[in-house]
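Visitor: Below you will find the structure I want to go over with you.
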Amino acid sequence: YLVLIQLFLGNSCRFIAKPCAINLGIQDSGPHRAQPNAILEKVFTSITKSPDGKRLEGLSKQLDWDVRKIQRWFRHRRNQDKPTTLTKFCESMWRFTFYFSIFFYGIRFLWTAPWFWDTRQCWYNYPFQPLTSRLYYYYILELAFYWSLMFSQFTDIKRKDFLIMFVHHLATIGLITFSYMNNMVRVGTLVLCLHDASDFLLEAAKLANYAKYQRLCDAFFMLFGVVFIVTRLGIYPFWILNTTLFESWELIGPYPSWWLFNGLLVTLQVLHVIWSYLIIRTASKALVRGKVS
């Protein structure tokens, strides 16, 4: 399944996302490239990407270049490593496609599931609960996707929240694997569906931003912020954590892995709080500036 996910991602970028981006006027042109220079390149790759004043003075004497020219070279060299808008558009396109598809598949599947309406059903007759084929495929696809995110995080576009996302992927993979091995898939499907509810809206906002549809970007981001905060700070603790912490204790009693399972779920809640703060801060800046940047 992991291989299939990777093939799907690669083909969607090549045959779907890239033509869409080109039709929207997004070019595959990168930033201005720095003039080739072996000495400066060695400093950039081996020592520092942002040299201080003392080092700049030394390089200026060594190359007989003006300090401002050297500063400009380092600025161009740093920008040279940044991904193009087309690359970022393609990445957001395949993420949007997966999140959108898996969320509505999950909603359609869970709508007829009794535990979707009564979370106590997650623990009745536990652990002797049947694993249907639809539930199995839903679980395995989600697990394969998060494993692909874990691997591709080291080759995809580097972002400021790299460490937080790494912890998130570890916690998510641990929860999916752990709940599957312990047949806690009923409550696991609720966690997965809840997390997918807002992710495709964020990717839609990014796509609109890359295509320079600012008003559409603002609308999607504000909608994403509302859905994220409602689901992650409202529904998640009062619906998911309530059933895993209290209803499970009441119906089946404490079990050896209870602490690990709930520890991972609480870790996710801590990440939700951090991300909610970042979203609110971004929304506040957008209100001042008049647009989401």
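Yeah, the Cβs are placed from backbone N, Cα and C, and that goes for glycine too.
All TrEMBL annotations are machine predictions without curation.
Not my notes, these are from TrEMBL:
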DOMAIN    40-84  domain 'Homeobox'
DNA_BIND  42-85  DNA-binding region
DOMAIN    87-288  domain 'TLC'
TRANSMEM  96-116  transmembrane segment
TRANSMEM  136-155  transmembrane segment
TRANSMEM  162-181  transmembrane segment
TRANSMEM  220-239  transmembrane segment
TRANSMEM  259-280  transmembrane segment
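How buried are these features, and what lies next to them?
Guide: Across the domain 'Homeobox' (40-84), DSSP helix (H, G, I), strand (E, B) and coil residues number 32 helix, 0 strand, 13 coil.
The average pLDDT computed for the DNA-binding region (42-85) is 81.
Residues 8, 12, 16, 122, 134-135, 138, 141-142, 145, 186-187, 189-190, 192-193, 196-197, 199-200, 203-204, 207 of the same chain lie 6+ residues outside the transmembrane segment (96-116) yet bring a C-beta within less than 8 angstroms of a C-beta in it.
Sequence-distant contacts of the transmembrane segment (162-181), counting only residues of its own chain at least 6 positions beyond either end whose CB sits under 8 Å from a CB of the stretch, comprise 139, 142-143, 146-147, 149-150, 153, 187-188, 191-192, 195, 257, 260-261, 264-265, 267-268, 271, 274-275.
Tertiary neighbourhood of the transmembrane segment (220-239): same-chain residues 119, 190, 194-195, 197-198, 201-202, 204-205, 208, 268-269, 272-273, 275-276, 279-280, 282-283, 286, 292, selected by CB-CB distance under 8 Å and a gap of 6+ residues from either end.
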